[in-house]
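Novice: Features from Swiss-Prot:
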DISULFID  41-108  disulfide bond
DOMAIN    20-117  domain 'Ig-like'
MOD_RES   20  pyrrolidone carboxylic acid
REGION    20-44  region 'Framework-1'
REGION    45-52  region 'Complementarity-determining-1'
REGION    53-69  region 'Framework-2'
REGION    73-108  region 'Framework-3'
REGION    109-117  region 'Complementarity-determining-3'
SIGNAL    1-19  signal peptide
């Protein structure tokens, strides 16, 4: 059986159009089915450093789905193959036991305290 790698495409950066808050992700990650991948999200002290991080999965033609909230919590129905962590101004999404259905866009998101009025 031939295993072809999955390509997990990622948002390169999340920005508010009226703000200068940027979260940086790698452009893509690929791995074979059954393997593990980690997806990084880098920010600053005003966003990731002092706020909770969420992760979203967007399959082609569908709305984004919440995978992780409050850094490492999973909503009901999200398998434990998905995990989140945060350290300093960076966050990571881990996916174990990759499946073909995991091929999607993945987004990190957080609040930026510097945008508070």
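Each position is counted from 1, following the chain as shown.
Note: Cβ is positioned from N, Cα and C throughout, glycine not excepted.
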Novice: Give the residue counts of the region 'Complementarity-determining-1' (45-52) per reduced DSSP state, in the order helix, strand, coil.
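Specialist: Tallying H, G and I as helix, E and B as strand, the rest coil: 3 helix, 0 strand, 5 coil.
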Novice: Reported in the order helix, strand, coil, what are the DSSP residue counts of the region 'Framework-1' (20-44)?
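Specialist: The region 'Framework-1' (20-44) comes out at 0 helix, 13 strand, 12 coil.
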Novice: By DSSP, what is the split of the region 'Framework-2' (53-69) into helix, strand and coil residues?
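Specialist: Counting residues per DSSP class in the region 'Framework-2' (53-69), I get 0 helix, 11 strand, 6 coil.
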Novice: For the region 'Framework-1' (20-44), what is the mean per-residue pLDDT, to the nearest integer?
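Specialist: When the pLDDT values over the region 'Framework-1' (20-44) are averaged, the result is 92.
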Novice: Cβ under 8 Å to the region 'Complementarity-determining-1' (45-52), counting only same-chain residues 6 or more beyond its ends: which ones?
Specialist: 21, 23, 69-71, 86, 88-91, 110-114
Novice: For a three-state summary based on DSSP, what are the helix, strand and coil counts in the region 'Framework-3' (73-108)?
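Specialist: Helix (H, G, I), strand (E, B), coil: 3 helix, 17 strand, 16 coil.
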Novice: Let's check the environment of residue 108 (disulfide bond): how many other CB atoms sit within 10 Å of its CB?
Specialist: 28
